[in-house]
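Asker: Pulled these features from TrEMBL for this protein:
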type	residues	note
DOMAIN	32-41	domain 'Uroporphyrinogen decarboxylase (URO-D)'
BINDING	37, 38, 39, 40, 41, 87, 163, 218, 334	substrate binding site
SITE	87	site 'Transition state stabilizer'
DOMAIN	151-167	domain 'Uroporphyrinogen decarboxylase (URO-D)'
Ligand SMILES: Cc1c2[nH]c(c1CCC(=O)O)Cc1[nH]c(c(CCC(=O)O)c1C)Cc1[nH]c(c(CCC(=O)O)c1C)Cc1[nH]c(c(C)c1CCC(=O)O)C2
């Protein structure tokens, strides 16, 4: 791993951060709240800035703009945590894969589908290429109030591999799964490289000032149990261990989206401080599946958020009731959708905090 690009900043202890206290195992009467994809196209101020920024990756790699976009939802809604504005696909980009974003369609990568093609990627992640991302982390941290936490992130090795092999997103995980069955050694080599690259990327974000990091595993939930253990649980466990070897007190959230009954085994193996729950999870079963004192994060339906009104209040109350009384970070079960009215986000935050 190359040396960190940005020096670790001396940061004051943030005892006032409800988010960090929850990750340390405290059950708070009013839990912290932030939302996946809280920055983005549902916000008019994002759309306005995005139109001036050029391409999506240009926005991610321009610290002044990425900082502004990260802070927009904090100013508007007062969330307890900001999430760095970036993307999981900067890791393949810094491994030398061609990555682009097609307007209105999503990511397009030049697919890597064999050992020979993996061989054309860099052996190690080029952290210098991601220096603007780490600069964004330090800028955001210095502009955020001390009681607000800053979350860095990466995609889980399996999820990132599905994009690298298929060359695109959506429901196109079949190419990676086929490769995993046809040539498990080759797929395993790709996953191992992603473990190392992602660890270096998370450590660099923590050293630049991120208070915690989240690992997004958006696509492993469909895997059969043994494949899930091999391609999701084990690589994420290894990733957490690599990060903690460099930053022993790193706060880590793992989000194995849609793990369902596989969550219990995942949570036993992965040494995270919190586990994210998708909309579809049985919340009480999930609580019983994770070790006592470990935080859970989730799991309001993004479509209840879009609907608003009484349906949204009920969705918030259900999460508070079924997951409250133990360490809880209120969030959605997946990202905010594009056509969500911003006032509904305000309603969600007010509902969580109404007894405060
Ligand atoms: C799979 C995945 C990706 N990116 C991400 C995941 C994991 C979470 C999930 O399952 O959604 C994670 C991500 N992507 C983005 C963030 C920023 C922080 C946040 O607000 O949560 C985070 C944490 C910004 C983004 N990443 C992207 C946008 C939209 C780009 C635009 O403004 O045009 C944003 C705000 C583009 C992106 N990036 C990706 C896709 C499939 C797309 C296109 C689909 C879409 O547009 O929603 C890959």
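Keep in mind that glycine also has a Cβ here, set from the backbone N, Cα and C atoms.
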Asker: Using Cβ-Cβ distances, find the residues under 8 Å from residue 163 (substrate binding site) that belong to the same chain and are at least 6 apart in sequence, listing them in sequence order.
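Answerer: Those within reach of residue 163 (substrate binding site), by Cβ under 8 Å and sequence separation of 6 or more, are 88, 89, 92, 107, 109, 155, 169.
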Asker: Among the binding-site residues 41, 334, which residue has the fewest other Cβ atoms within 10 Å of its own Cβ?
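Answerer: Output over binding-site residues 41, 334: least Cβ neighbours within 10 Å is 41.
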Asker: In whole Å, how far does the CA atom of residue 39 (substrate binding site) lie from that of residue 87 (site 'Transition state stabilizer')?
Answerer: 12
Asker: Quick one: average pLDDT across the domain 'Uroporphyrinogen decarboxylase (URO-D)' (151-167), no decimals.
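Answerer: Mean pLDDT for the domain 'Uroporphyrinogen decarboxylase (URO-D)' (151-167): 97.
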Asker: Residue 87 (site 'Transition state stabilizer'): which of the binding-site residues 37, 41, 334 is the nearest Cα neighbour?
Answerer: 37
Asker: Other Cβ atoms within 10 Å is the metric here; tell me which of the recorded positions 37, 39, 87 scores highest.
Answerer: 39
Asker: Same chain only, please: residues at least 6 beyond the ends of the domain 'Uroporphyrinogen decarboxylase (URO-D)' (151-167) with a C-beta under 8 Å from a C-beta of the stretch. Say none if there are none.
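Answerer: Non-local partners: 34, 81-84, 86, 88-89, 91-92, 97, 107-113, 137, 173-176, 179, 187, 190-191, 194-195, 198, 201-202, 205-206, 208, 210-220, 223, 231-232, 235-236, 239, 253-254, 256.
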